[in-house]
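Chemist: Below you will find the structure I want to go over with you.
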Amino acid sequence: MSNPVFVAIDMPRLDAAKALAEKVKGHVGGIKLGMEFFYAHGHHGVMEMAHVGLPIFLDLKLHDIPNTVAGAMQSIHVLEPAIVTVHASGGRAMMEDAKAAAGENTKVVAVTMLTSLDDNDLGRIGVAGSAHDQVMRLADLAHAAGLDGIVCSGHEVRAVHKQWKNGFFIVPGLRLADGSAGDQKRVVTPRQARDDGASVLVIGRPIARADDPLAAARAIEATI
Ligand SMILES: O=C(O)c1cc(=O)[nH]c(=O)n1[C@@H]1O[C@H](COP(=O)(O)O)[C@@H](O)[C@H]1O
């Protein structure tokens, strides 16, 4: 089984991002590049990171009208990312058009409810019901739109997996038992997420901000 860990490289400096990826590449299965990196370095940065030789998850969390999101997907087509994210709350037509515009080898995955939110936060943005209900509802919508899978927390992945058997499930908000959660609210351990059906485990600060990122990546690998 290949390593399901994608290390989140959330940093604005290209040299630091490359150094981190080179350091941990033997103990992770892929690299996740998000807004912080992409807004600073764009296509050039992604191409530079591709030299590391690992699959690239381009976490752009696209959320706009269908025409604009489809255009954005076409603009990144040439980079051939393994995975791209859109927000499920952009709606079915947006997700359908995103998938239609994506490259054949790119998985398009919908972010359901951010792992930094809990039930109280949902209420404050006017959504009734629990995080669990919201994730299940958006997972159904993403499935109906023809996406490859969703991003959710480890609290929901078991239930989603049960309902969407061949889906591709990305779980961030992962911490070892002694790790600080920081801004994350729906948190589980990497092992728990894996056991509950996660296809990809996204791990950022527990590796990137560790005193010894290589040792941290190895320690996480040993638990899964
Ligand atoms: O789409 C994501 O990757 C994502 C979705 C989500 O609900 N929560 C979440 O934390 N993420 C990303 O996962 C990574 C988590 O980072 P750490 O909390 O440092 O491990 C960050 O790059 C986030 O942007």
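The backbone N, Cα and C atoms fix where each Cβ goes, and this holds for glycine too.
TrEMBL annotations: computationally assigned, not manually curated.
Dumping what TrEMBL says about this protein:
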type: ACT_SITE; residues: Asp59; note: active site, for OMPdecase activity
type: ACT_SITE; residues: Lys61; note: active site, proton donor
type: ACT_SITE; residues: Lys61; note: active site, for OMPdecase activity
type: ACT_SITE; residues: Asp64; note: active site, for OMPdecase activity
type: BINDING; residues: Asp10, Lys32, 59-68, Thr115, Arg175, Gln184, 204-205; note: substrate binding site
type: DOMAIN; residues: 4-220; note: domain 'Orotidine 5'-phosphate decarboxylase'
Chemist: When the Cβ positions of the binding-site residues Asp10, His63, Pro66 are compared with the atoms of ligand 1, which fall under 6 Å?
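Modeler: Going through Asp10, His63, Pro66 in sequence order, those close to ligand 1 turn out to be Asp10.
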Chemist: Does anything in the same chain, at least 6 positions from Asp10 (substrate binding site), have a Cβ under 8 Å from its Cβ, and if so what?
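Modeler: Correct list: Gly34, Glu36, Phe37, Gly204, Arg205, Ala208.
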Chemist: When you tally the Cβ atoms that lie within 10 Å of each candidate's Cβ, which of the active-site residues (Asp59, Asp64) has the highest tally?
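Modeler: Going through Asp59, Asp64 one by one, the largest Cβ count within 10 Å is at Asp59.
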Chemist: Who sits close to Lys61 (active site, proton donor): which same-chain residues at least 6 apart have their Cβ under 8 Å from its Cβ?
Modeler: Gly34, Met35, Thr85, Val86, His87, Val111
Chemist: When a 10 Å sphere is centred on the Cβ of Pro66 (substrate binding site), how many other Cβ atoms does it contain?
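Modeler: I count 18 other Cβ atoms within 10 Å of it.
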Chemist: Using a 10 Å cut-off on CB atoms, tell me which of the binding-site residues Leu60, His63, Thr115, Gly204 is the least crowded.
Modeler: His63
Chemist: Which whole number is the mean pLDDT over the domain 'Orotidine 5'-phosphate decarboxylase' (4-220)?
Modeler: 97
